[in-house]
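Single-structure report; data block below.
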Amino acid sequence: MGTGASKNPDSSSHGSEERDQAGGQLYVSLRMENYKLNGDIIPHVYGSVPLVGSWDSSKALSMEREYTFMWVLSFVVPPNHETLDFKFLLKPKYSSSPCIVEEGPNRQLTAGTLHGDGWSAMFKLSSDEVFEYRVLINVDRVSPFDLAASWRAYQENLQPSTVRGIPDISINSAAEAGPENGTSASLELDIEHYVVPAPATAAHSALAYAANMTETPRTLSRFGGMEVIVPELTTSSSASGMVESNSVGAFSSMLKQEGHRGLFVDRGVGSPRLVKSASAASFTADLKLYSEAKNSMPAAAGAVAAAAVADQMLGPKEDRHLAIVLVGLPARGKTFTAAKLTRYLRWLGHETKHFNVGKYRRLKHGVNQTADFFRSDNPEGLEARNEVAALAMEDMISWMQEGGQVGIFDATNSTRNRRSMLMKMAEGKCKIIFLETICNDRQIIERNIRLKVQQSPDYAEVPDFEAGYHDFKHRLENYEKVYEPVEEGSYIKMIDMVSGHGGQIQVDNISGYLPGRIVFFLVNTHLTPRPILLTRHGESRDNVRGRIGGDSVLSDTGELYAKKLANFVEKRLKNERAASIWTSTLQRTIITASPIVGFPKIQWRALEEINAGVCDGMTYEEIKKNMPEEYESRKKEKLRYRYPRGESYLDVIQRLEPVIIELERQRAPVVVVSHQAVLRALYAYFADRPLKEIPHIEIPLHTIIEIQMGVSGVQEKRYKLMD
Ligand SMILES: Nc1ncnc2c1ncn2[C@@H]1O[C@H](COP(=O)(O)OP(=O)(O)O)[C@@H](O)[C@H]1O
Ligand SMILES: O=P(O)(O)OC[C@H]1O[C@@](CO)(OP(=O)(O)O)[C@@H](O)[C@@H]1O
């Protein structure tokens, strides 16, 4: 039986031929799921080649825990690899009891095609006790670029740059490692000992259901019968460009925060200065336009700000507001995609909100709706669903009229009728782009359904997982009966984008700066689980002297961190067949990364520290004394403050956008060794922190922030290597 890349056994020989011709590497990802077992048993893989321990169970590769119930492992083999026989085995975490090997014949990977039972693995504990794991196996072809973009570039340009004598891209092989490189046994690390708690504001979306974090109905009173009343926001613009609420009302504790957020809309104090026009008359007209525009200008620099100014001054009024309306069957990743897009657009500086109709439905009709509620021939259900969709759309449009730029409208919207209702509501008020997520991969849909039943509040009160699972399947069938793919208006279709089999994006009738950016972002995102390790360089001599900027080397403490970091990376990535190390072009990051061996290293100018302009090399005390006005301005507005002849945090965010896109695109782990301001900005993206917090986020020296990307989003873990 075939599975993964060889889902269709008839096409397997053809598939492997294609793979050989296309080159690249085969990326094998294995997943095991068991909802009942705890974490005291660790699944492993062992097999016929040294990569998987040559049938020696003590050398079996340990799988990594993705969630409580899911274990994963990936490795890479060349397309013309020798046949690989393997099996799963279970090892107890705390005892030395023997491991248990799965029942049945070996699994076999031949020319990228898998043979063996692709769906489950059975483990016999005793004559009457059997564990069953669900197994998901995928084999994807990935280009060498995906594995190590840098390495390919290096080979193409055999003359590396000689900037400061250090090549832009380099790799030091493991053979060079020695005590002087810090890999000596004396620096051995047990990485779990270095774990420290992440802050309360850490990246944790994998633990929280994304729909819960979306907008709450502003007028819950419309839902009658509900005990929570949120005041209608009668708004008036104040001179400072803020929106204030004049009304009062009772807030539930859950809603307080949302309500509060509605009171203050950051209108972008840092809007770019416009050049005065030649004539006084046109200057006045420009100013009027500008002051109108200023009220809905994103807090951003560079391209984002330029595009916003152009749209405000020249574009049609409804184009100033964009509604991304999700379309798709349940469990196709709509909420996931909506949340991710919201995070990205907010980080870039676009005022963006995510409206989830499911949340409105749950608040109005409760969480216990069975599949029957979603039948298309249930008129009450249909009316109730349309009603909550209309309420959410109304809220979204009202928010846009108060200055919101991008609304993300998250529901199935899977019939023409529903979409036409939304288009009518949006007429003259905002531009709609449909974003349809289509998935034809049975294994992925199956996994998604299980995840949804685990996470969705709809099933929180259903104790029996199987009962929830069947109800959700039934709900899905009800939607399938009436589903009409989008063919109208402007649309983006994401088709099989996460299966790893080279899905596609189809776009129709899309133009403009922001829609273009959105398409580009979506093309580059995927769900392959991998860690991203963020760290500042080791303490530099300038850090010791309290001088900002500069390009100094490391202090002795910094040097020790570099060695510990190399040791840590070696341990943490020991099961990874590919990874890359990214640094800035400044010495302190390059030196910090230099003891790391075996992975390609890439220098990015974009990862350089915030440019302190005329203040470069000064201490904060010196700036305060010699340039008190600059010091005060920065203190007041650290996000937008631009050092004379240098940069602001908003500038840094703009130049980091290609880094974020590349981090999203990479399938292998990445270690980013960079600087305080840069890491604040990168971290804020993953942890979904608001722009205004970025300059104040703590990024301590000698600490690794591990961001785990995966099928449920982003999770964070921290390691502090030195006291
Ligand atoms: N483009 C996609 N296609 C298929 N599955 C996806 C996609 N994007 C994300 N997923 C996966 O789908 C799971 C369920 O997604 P969710 O957003 O709750 O579905 P929906 O909102 O469509 O019901 C997510 O946890 C994620 O692992
Ligand atoms: O924005 P603030 O808080 O000043 O932090 C950024 C500063 O951090 C520093 C250290 O003070 O980074 P780095 O450790 O990379 O040298 C300065 O170079 C940089 O100007």
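Placed from the backbone N, Cα and C atoms, the Cβ positions cover glycine too.
Among the candidates R475, R577, R588, the residue that TrEMBL names alongside R536, H537, G538, E539, S540, R541, D542, N543 for the substrate site is R588.
For the recorded substrate site, residues R536, H537, G538, E539, S540, R541, D542, N543, R588 set the reference point as the centre of their Cβ atoms, and the other residues of that chain within 8 Å of it by Cβ are V544, S552, L554, S555, G558, T592, L701. Long-range neighbours of G538 (substrate binding site) (same chain, six or more residues apart, CB within less than 8 Å of its CB): L554, S555, T557, G558, E559, L560, Y561, A562, L565, R588, I591, T592, L701, H702. The number of other Cβ atoms within 10 Å of the Cβ belonging to R536 (substrate binding site), over all protein chains shown, comes to 27. Of all the Cβ atoms in the protein chains shown, 26 others lie within 10 Å of the Cβ of S540 (substrate binding site). Among the record's substrate binders, R536, H537, G538, E539, S540, R541, D542, N543, R588, no two C-alpha atoms are more than 14 Å apart, and one pair sits at exactly that spread. Regional average pLDDT for the domain 'CBM20' (20-127) in the model is 79.
Each residue in the domain 'CBM20' (20-127) gets a DSSP state, and the totals come to 9 helix, 55 strand, 44 coil.
According to its DSSP assignment, D542 (substrate binding site) is helical.
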